[in-house]
Amino acid sequence: MDVSALLTSAGINIAICVVLVSLYSILRKQPANYCVYFGRLLSDGRVKRHDPRWYERFAPSPSWLVKAWETTEEEMLAAAGLDAVVFIRMVICSIRIFSIVAVVCLAFVLPVNYYGQKMEHKEVHLESLGVFTIENLNPRSRWLWVHCLSLYIISSAACALLYFEYKNIAKKRLAHISGSASKPSHFTVLIRAIPQSPDQSYSETVSKYFTNYYAPSYVSHLMVYRDGFIHRLMNETERMCQAIKHVSPDLSCNPSLKSCVLCGPAATNSFQIISNETDSVKGLELGELTLTTTEEERPVAFVFFKSRYDALVVSEVLQTPNPMLWVADLAPEPHDVHWRNLRIPYRQLWMRRIATLVGAIAFMFVFLFPVTFVQGLTQLPTLSKNFPFLKDLLNRRFMEQVITGYLPSVILVLFFYTVPPLMMYFSTLEGCVSRSQRKKSACLKILYFTIWNVFFVNILSGSVIRQFTVLNSVRDVPAQLAKLVPAQAGFFMTYCFTSGWAGLACEIMQPVGLIWNLIAKVIVKNKEESYETLRFPYHTEIPRLLLFGLLGFTNSVIAPLILPFLLIYFFFAYLIYKNQIINVYITKYESGGQYWPVFHNTTIFSLILSQVIALGFFGLKLSTVASGFTIPLILLTLLFSEYCRQRFAPIFQKYPAEILIAMDRADEMTGKMEEIHNNLKVAYSQIPTCSEESSKAGCTSPCSDQELPDSEELKPEKENLKADYIWEFQRSKSGLDLEVKSCPSASPIRNSPGFAEIYKRT
């Protein structure tokens, strides 16, 4: 690839970014798009719907950039939680590291590479990108010490910044733990693989076991029931309420003058009845509700203890000599529980993990074919030879630049859109009991997949057979990487343009949400001001951020021309991600900063990989002095990684007993323990309820990951048909085991069996 092809790709992507960002600055001002670009603020009720002047609404403005820049870390922590702060700290750490890397490499390494004597120089726009790489140096060049010294500076700066950031994030996590005093998960242990007894139920078995062995600390427990029936009933009832809500007020809000056989004549308003029923449900205490149906108990229970320390001890010790029974773990937060996966038998989990690992590896190798095809596009002689009918087209200068500089990265990015949903599906099949754990598992899978396919497969590709041939010679891996990385420097730059710059522009534009909102408002004619609240996609954005960090480290002393483009990406990411976090995405669950070890370990891996590649290149250039100095650098980096693992990693894996005991003593002194114990069953109940405050913002149950989609607007002539169908469906699902109270209205169309009628007071 030459400079003109690189500039063509950069120009196309810059134009795309400018257009999308300009459109965003206009579309975000339109009141009809508030639900797309201000979802989090709308859910908090903090957006005032006002129409600015017409000429201001259609003029691009950088006000959102100023707002994102001025948002402090404390504001983000209060609004979006610790995970959002940790993610922004990842971006900031990347900016700091690569600012130093860019200054060192652009000031010293790049001039040395460019003025090497191995390649012949041409006009600037016709220059091959190889003249900017270390390949342009002759063997035994006396300038290789510049690369070795730069590698030492880069490694020292990166390790120092990583250490201080790790220390800072660890303090934030400890503050997060001590600051969440009323979290029910600190008092709760999730017990799985409860043994079945022919003489008693699972609930009785749990009560007997913990009363026997943990009598001083055991409070109570809550069994997990088969969720299929409960969720279907709740979802259909919610849909019926949505359907009635969307009915035209002229037809639905008039008082009903029909008489009821049981209740007598009454002039009632159907919507007023539903409102009153909802208020009565909210008045019930969930701790007083039990299932009246014959729901099947699962061998899973939430067990509550008197103190945080008691729950911590129970979760850490082995309960029985058989480790496959009475498996105890600290429970996730109520809104973080993945209720559907709790029904998976514990003995199946290890088989599921193996199966998903095999499936992910198989998909990784299947993905070799599109990656190899993409690499074929970058080789014009091979492309002309295999497709003779394209020869005339490829001889045109502009088409050559587009095909070699822009098209390969676009095709690869499009193929990668299939990866996150599949990896999330694999993580769900693993049986993760919490949604944050599932998202972190998907993040790791996507990270490994991305590094393997974008970096290793691309630099080793010629054909699938040749890749296996190269990988068989493990001893020659550093030398092979040193030969192939400079050759792919141009592709990595164009991938930074397409996946990095243009990807961020698409992220802020939210094209899927915008199109969906347009369909709902224009085609479906939905006048309801509804919106879907989204969660931040850590499982896709963290791997992307780390991939560009890997490309920056591995190309720093080999092909430093990529560094300014990466810095632009990181600065752009800092502003856009902050804007999205404070305006668009909501936080219903989080991992407590557990993504930071992923960032730290991957950055260390990237740093060591860059040192190994440099070692291989010093060997190819026959520089024994530079090779000798690089080996101790690799060992020192490994020692630093091990120190950080011993010093900081346990903080992100376990809770410190010292902090939990201090929190227990503080709650005992203030008399909060009894209140916390009374709320434990309410928090982990499978029955969803809304408080007055949460109902204003659109409450969701702990069982659901996303809000229910709004029903389509009903036509007046189809009102009775739709309502009759829902009513009959509810009655058929209820069966004879449910006690459904009669409604004061004459028509069943205008009523729904509330949740208070499905359950009774104990």
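Glycine residues also receive a Cβ, built from the backbone N, Cα and C atoms like all the rest.
Model, not experiment: these values are computed from the prediction.
Checked against Swiss-Prot, the range among 69-89, 615-635 recorded as transmembrane segment is 615-635.
Same-chain residues lying 6 or more positions outside the transmembrane segment (90-110) and placing a CB less than 8 Å from one of its CB atoms are 132, 146-147, 149-150, 153-154, 157-158, 161-162, 165, 542, 545, 548-549, 552-553, 556-557, 560-561, 563-564, 566-567, 570-571, 573-574, 577, 595-596, 599, 603.
Sequence-distant neighbours of the transmembrane segment (144-164) (same chain, 6+ residues past either end, Cβ-Cβ under 8 Å): 93, 96-97, 100-101, 104-105, 108-109, 112, 134, 137, 553, 556-557, 600, 603-604, 607, 610-611, 614, 618, 621, 623, 625-626, 629-630, 633, 636-637, 640, 644. Below 8 A, the CB atoms of the transmembrane segment (354-374) and the transmembrane segment (402-422) form 3+ pairs separated by six or more positions in the chain. Listed as Cβ neighbours of the transmembrane segment (500-520) (distance under 8 Å, sequence separation of 6 or more from its ends, same chain) are residues 13-14, 16-17, 20-21, 23-24, 27, 32-33, 35-37, 413, 526, 530, 532, 534, 544, 548, 565-566, 568-569, 572-573, 576-577, 579-580, 584.
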